[in-house]
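Swiss-Prot has this to say about the protein:
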BINDING   H83, H182  heme b b562 binding site
BINDING   H97, H196  heme b b566 binding site
BINDING   H201  ubiquinone binding site
TRANSMEM  33-53  transmembrane segment
TRANSMEM  77-98  transmembrane segment
TRANSMEM  113-133  transmembrane segment
TRANSMEM  178-198  transmembrane segment
TRANSMEM  226-246  transmembrane segment
TRANSMEM  288-308  transmembrane segment
TRANSMEM  320-340  transmembrane segment
TRANSMEM  347-367  transmembrane segment
Amino acid sequence: MTNIRKSHPLMKIINNAFIDLPAPSNISSWWNFGSLLGICLILQILTGLFLAMHYTSDTTTAFSSVTHICRDVNYGWLIRYLHANGASMFFICLFIHVGRGLYYGSYMFLETWNIGVILLFTVMATAFMGYVLPWGQMSFWGATVITNLLSAIPYIGTDLVEWIWGGFSVDKATLTRFFAFHFILPFVITALAAVHLLFLHETGSNNPTGIPSDMDKIPFHPYYTIKDILGALFMMLILLILVLFSPDLLGDPDNYTPANPLNTPPHIKPEWYFLFAYAILRSIPNKLGGVLAVVTSILILILMPMLHTSKQRSMMFRPVSQCLFWMVVADLITLTWIGGQPVEHPLIIIGQLASILYFLIILVLMPITSIIENNLLKW
């Protein structure tokens, strides 16, 4: 009799994806973050669903409804902070996942990589809209500033912004539609993640060496199921420490003040995971230029396969490229720091230099370094 796991139409899909999947024998812990992102997504959908049961998307009651969730709903505070800090964990995993792809040349799987970039954009859009929902000061002004950037688009900009707002300013209509989009997008993300996985399983996983591993595969279960569970436990531990000991560590105190269109906060800034982009935006004095720079800073990921000039896929055996990679990481951390600082003399120039360095390393130095390393192999 055939095993039901291998014959049942539904079980067969699960089996081929998570049980009998042939996986490289040498993939390191950097390969854990795909499954961690899946866990984050499930956590966000579940906590978000329970929050939506008590939340009201009306400008007069939104702030109060979030307070009500924290004070009156059973474990509402836990659900709310799991959701808020779960988003931070989501982005930490996302950045590491993308960084792993860049380091080990996983971007050579074109379909998987491009869907991954679309996923990144979708998650960023979802997180932005979620940040608007509590209707605090930073929610309101963050929404105003970021949506206003679209007005930099020539000819249609102003109309586009007013169309997104549903009026002449961020108001009730904006909040309602942001809630609707914030609710539906995670399901779009789930569908995209399934397609991401589908394309990945067409080629099989990459590995740290970047060398094809077809001759040395092991079954996903039990080896990588156990490994993923260990990673998940670590992540949940960090998340729970964050939620139970310092739930507001990554938030902004301004968001505990109800939204007031007549009072602008002294420093408008997004959540920490958008600060690097915000720093790039602010480093260019021109509005359209700043918007283009921000979009390019993320869209640059799509160009990675075209910028790959090395004969080796992975950076494992390319020490100079490794140095440049870690320079990009340090540069992004610098940009994140600058994005959270006020616009003052020494900080402005640091932000501008960090922004220039980011594009310089990725677009110029990395491809040239790869060519030099290719020639060094001939010695």
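Every residue gets a Cβ built from N, Cα and C, even glycine.
The transmembrane segment (77-98) and the transmembrane segment (347-367) are not in contact, since fewer than 3 Cβ pairs between them lie under 8 Å (pairs 6 or more apart in sequence). Take the binding-site residues H97, H201: by the count of other Cβ atoms within 10 Å of each Cβ, the lowest one is H201. The Cα of H83 (heme b b562 binding site) lies closest to that of H97, out of the binding-site residues H97, H196, H201. H97 (heme b b566 binding site) sits 17 Å from the residue listed as 'ubiquinone binding site', counting Cα to Cα. It is 33-53 that, among the stretches 33-53, 320-340, 347-367, forms the most Cβ pairs under 8 Å with the transmembrane segment (178-198). All protein chains considered, the CB of H182 (heme b b562 binding site) has 21 other CB atoms within 10 Å. The transmembrane segment (320-340) shares the most Cβ pairs under 8 Å with 347-367, out of the stretches 33-53, 113-133, 226-246, 347-367.
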